[in-house]
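This report refers to the structure that appears directly beneath it.
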Amino acid sequence: MPKLQGFEFWSQTLGGARHVVAPMVDQSELAWRLLSRRHGAQLCYTPMLHAQVFVRDANYRKENLYCAVCPEDRPLIVQFCANDPEVFVQAALLAQDYCDAIDLNLGCPQMIAKRGHYGAFLQEEWDLLQRMILLAHEKLSVPVTCKIRVFPEIKKTVQYAQMLEKAGCQLLTVHGRTKEQKGPLSGAASWEHIKAVRKAVTIPVFANGNIQCLQDVERCIQDTGVQGVMSAEGNLHNPALFEGRSPAVWELAEEYLDIVRQHPCPLSYVRAHLFKLWHHTLQVHQQLREDLAKVKTLEGIAAVSRELKLRCEEDMSRQKEGEKPSGSLPFFHWICQPYIRPGPKEGNKESGGARSKRALEEEEGSTEVLSKNKQKKQLRNPRKTFGPSQKPKYAKCDQCGNPKGSRCVFDLCRSCCKKRAFRETADCPGHGLLFKTKLEKSLAWKAAQAQAGSRDPGSFPEVLGSARA
């Protein structure tokens, strides 16, 4: 049976999915996907997987896909980052029996993607992308899809999308931001770009960006004409977003922890999800933030979550009739709601606008000018200093300029010492390098073996002869 393509694939295999949970590194794991599906998500993506690691490492495949097989977790699209057609297809072939489509990540804007040369940093290499999509389209038994970011120019974005469609892409997710729009520089996603792409291609299109509630989903579909809407940040802060509900945070936190007990995942994933869910409450009850960060077990995380629930119930009992949420929040802090990332201008206002973060950190004085991370370090170690003038001075290695070992026999850093000790077959006890000692032991052992061997031949015939007798 030939594989379905385009709109047939979207309507039949994906069930005409309109509400989609985005691929999120270490955040769209099985437990979170199941929680999201219970609350209105119709299609989920795996976290972004590294194609090359997926091919060479059986444990990576097992941890990220093979052990996560679950009948309720469909339809499912597996996303890979890759920059080599053969490697991408090899990884996809290993994954295709566990999903409904394979997605190529062309949208990751992070520095790790730049260093690894994948994600949004491939968007100028159209020849390479054509070869990757074409080969996958020919070799796989499931459709290949793509998730992209836009170019500043609408025309170039449209040409980019048409190129991917022509190469064999069967569904396109368009994140309406450029690769430069990330973190505090994110800004609003351009639905105009998405709308132009939707009009220009003949395959289904999903929109990504500016989705904080169900009304945003409906407005995006109406404004752009896309087939579905994908959410990442909005989903992390409110997994019931696609239901159009904003429940109490503990309701979804407790449900998620129950699912994790059935489908375990790394504790770091669980902690990250709880930080997102309880984000607004942790701004009020900041002392529990440290507890959540330090706890080492799943039950420990559950205990912190229960304590947060008790604090919220106390806050609710003190709430006066007709009282409104403080600040700019639409709901009280114990209700699931969006987090609006502050832009660079807002960040400058908060810090006074005149001085950079680095300038603040380099000032001497109270801990108020230190970053939160450095304040935490100073709490753990009150004698720790951060000012450049207060940092201890180290003698430098003559060869490379790094700090040299205080007990090095050559007065070098460990790296330079290791090279010299190896070259000269010497020891440096200060760095724990014993090339000379190990060589002497090796020679002594070989000499002992040779001496023992010279004695054996004389006794061997006697033993052999007695055995024959």
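Even glycines carry a Cβ here, placed using N, Cα and C.
Those TrEMBL annotations? Automatic predictions, nothing curated.
Annotated range for region 'Disordered' in TrEMBL, selecting from 218-238, 302-322, 449-469: 449-469. Mean pLDDT for the domain 'DUS-like FMN-binding' (21-291) in this predicted model: 96. Each residue in the compositional bias 'Basic residues' (373-383) gets a DSSP state, and the totals come to 8 helix, 0 strand, 3 coil.
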